[in-house]
Amino acid sequence: MKTVSIFGSTGAIGQMIIDIIFADLDKYQVKVLVAKSNVQLLAFQAKLINAERVVIANVDLYQELKDLLVGTNIKVSAGDSGMVMATSLDVDYAMMAIVGMAALIPMTYLINSGIKVIALANKESIVCGGTLLLSLAKEKNVNIVPVDSEHNAIYQILSSSKKNLEKITLTASGGPLLSMDYDQIKNVTVQDTVKHPIWKMGKKISVDSATMINKSLEIIEAYYFFSIKAEKLDIIIHPESIIHAIVSYVDGASIAFMSVPDMKIPIMYTLSWPDRSAILCKKLNLASCNQLTFIKPDVYKFPGIKLGFEVLKTSNVHANSIILNAANEVAVDAFLNKKIRFLDIVSVVCETLNLVNYGRINSLSSILDCDLVSRRVASSAIDKLY
């Protein structure tokens with residue numbers, strides 16, 4: 001029986017792994033579920049899969065969660081102390097699905113705990129942690145297996161052939177605004193941006209997909225995760241989301257990774273790694289794929305897609321990656337709370353990148369400081385807009 005910890009269990013990815021585990025409960029023992037504030041769903045999940053412990057990040061919700069679990073043997077913790085406890089448990093596998101920069105410190109704790117496998121559904125911890133985080137994982141002999149469909153696809157392809165690479169291409173669905181013209185995009189609402197045509201995702205990543213800054217973050221993630229030069233990375237719009245990544249070699253051959261667009265497939269891969277297990281999901285039927293479309297990204301309509309490449313051209317990639325991520329998180333939050341318009345998101349990110357000139361990143365504290373400075377500048381930029 002595989003022992004499992006799930007961080008961010010009430011989010012979109014967290015709910016999917018809960019479904020997978022519930023369908024095969026005799027194979028998994030869930031040691032802890034961690035969530036930010038959704039106590040009702042967290043309590044339901046814990047009872048459903050008989051989790052040993054739960055942690056709620058918001059300490060004000062501790063008693064409510066405890067009351068919901070009266071009559072069970074499930075242990076309840078909250079806040080930072082609960083997070084430290086959760087990351088120190090002896091488990092075979094941890095799913096890191098906390099959204100945004102908030103995942104970085106728990107990721108560091110997990111790696112230091114000596115866990116063997118972390119399934120990473122959080123690109124921001126790699127974008128911001130960079131080589132510091134990955135070097136720590138290597139030192140501790142921790143295997144980080146990416147959950148993002150594109151990076152999971154690249155990971156699987158490169159597991160058989162890493163030599164003589166010419167290019168790695170990440171595909172992008174194009175998001176919910178792909179078919180709109182620029183004038184339409186100027187006036188989109190929050191509801192327009194969170195309705196992704198292909199993937200089931202949370203609000204933040206749905207907005208990132210709409211601005212295509214998500215793809216910029218993924219380019220930086222690939223740069224770090226696969227130790228590949230920026231000039232060997234590319235993006236292609238592929239609305240059907242059947243091909244998730246393409247690895248091209250110097251001999252003219254390319255290997256494409258294909259599956260139906262279902263995040264349960266890469267999640268199951270990480271759960272079974274280094275083996276493979278069957279999963280109840282729709283399988284790819286090539287005969288039903290009437291066409292596969294590929295479109296060059298339109299950087300005029302979606303300027304956010306080029307920011308990752310621009311960051312990778314700078315002399316201080318690590319700091320600028322942190323600045324990009326921090327400004328984006330602040331701007332997306334402002335958009336979701338209807339404080340700014342959709343096109344303001346990229347404007348705020350660009351202004352923050354121009355204004356913040358941070359020094360060398362050489363420690364976790366410098367990462368956190370750069371993040372904090374960038375958030376303040378981004379917030380100030382937003383305040384000046386209206």
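Placement of Cβ uses the backbone N, Cα and C atoms for every residue, glycine included.
In three-state terms derived from DSSP, E124 (NADPH binding site) belongs to a helical segment. What Swiss-Prot lists as NADPH binding site is T10, G11, I13, N38, N122, E124, G202.
Look at Swiss-Prot and you will find K123, S149, E150, S173, H196, S209, N214, K215, E218 tagged as 1-deoxy-D-xylulose 5-phosphate binding site, backed by sequence analysis. In the structure as shown, the Cβ atom of H196 (1-deoxy-D-xylulose 5-phosphate binding site) sits within 10 Å of 17 other Cβ atoms.
The Mn(2+) binding site feature in Swiss-Prot is assigned to D148, E150, E218. In the three-state DSSP assignment, the secondary structure recorded for E150 (1-deoxy-D-xylulose 5-phosphate binding site) is helix. Taking the Cβ of E150 (1-deoxy-D-xylulose 5-phosphate binding site) as reference, residues of its chain lying under 8 Å away and at least six apart in sequence are, in sequence order, L170, T171, E218, A222, H244, A245.
Around N122 (NADPH binding site), taking its Cβ as the centre, 29 other Cβ atoms fall within 10 Å, counting all chains.
Within 10 Å of the C-beta of K123 (1-deoxy-D-xylulose 5-phosphate binding site) there are 27 other C-beta atoms, taking all protein chains into account. Annotation for G202 (NADPH binding site): spatial neighbours G11, A12, V99, criterion Cβ-Cβ under 8 Å with sequence separation of six or more. Sequence-distant neighbours of T10 (NADPH binding site) (same chain, six or more apart, CB under 8 Å from its CB) are A35, K36, N38, L41, L42, Q45, listed in sequence order.
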